[in-house]
Amino acid sequence: MMITVTQQIQNVLRNRRFIIFTLIFPSLWYLFFMYQFKNAVAFNATTLAVFSGMFGVAGSGINTFSTRVAREKKYYDFMNKISPYNKAKYLFDSLITQTMLNVMIILTITLTGLLFGNMTIEFDYIKMVSILMYYGFYYIIIGYILGTLFDDETLTSVSFPIFMGFMLINLTPNAVSFNGLKFLGDVQKIFPGYYFNDAISHIHDSQKVMVDFGIISIHLLIVLGLVSIVSMYKKYRTGRNA
């Protein structure tokens, strides 16, 4: 398994999209907003680092991982037929791979904050990053579903708009100053980003964090269920085309 994980990481690190959109861009985003709001009363460099990391983690799953799944799925479909390495094991390996890459993303942003900002690493930051890593599973699974359903050329065109849509959902009133339509705020509560932001915003309230953590877990179970539905759909389509 670890050989496969190592190979996956090596392949990702050769991908310019990963380097640009999930390592460099979130770090630049962090620096921009850090210098824009460093004199604001409510500014918190640590919380901003976590939200910047969220953008990188989401981009890694929706942009990079989805296109890799789309590009490699024929190979893994073949391996599924001739070897014990089935799609469930591939998804498990991918969860490990993407989580390691997500750690790399947050380490890059943390280093940026330590070198160029006034960020400090405290226990609250460790808790927030841990929640982010768990929340990151959601985007990994979404990326897997997108890669399973679409080809890599289609995803290259539409993955960024999809990513921006998810980020719009994540910019909730409990994370930023938001004066949008109430309808949009209600829609955001359907998705786990609202509860991730709520947990980060109330990191000192353990009971509230556990409630938000539980709701995020429910969303993870839902998307895992969608993986099964998509797999059955693909088998059905393959059987009809055979």
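Any Cβ shown, glycine's included, is placed from N, Cα and C.
These come from TrEMBL:
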| type | residues | note |
| --- | --- | --- |
| TRANSMEM | 18-37 | transmembrane segment |
| TRANSMEM | 49-70 | transmembrane segment |
| TRANSMEM | 90-116 | transmembrane segment |
| TRANSMEM | 128-146 | transmembrane segment |
| TRANSMEM | 158-176 | transmembrane segment |
| TRANSMEM | 213-233 | transmembrane segment |
Who are the long-range neighbours of the transmembrane segment (49-70) in its own chain, taking Cβ under 8 Å and residues 6 or more past its ends? 8, 11-12, 15, 17-18, 21-23, 25-27, 29-30, 33, 94, 98, 101-102, 105-106, 108-110, 113, 119, 125, 128-129, 132, 135-136, 138-144, 146-148, 150-152, 154-156, 159-160, 162-163, 166-167, 170, 175, 193, 196-197, 200
The transmembrane segment (18-37): which same-chain residues, six or more beyond its ends, come within Cβ distance under 8 Å? 12, 43, 45, 48-49, 52-53, 55-57, 59-60, 63-64, 101, 104-105, 108-109, 112-113, 116-117
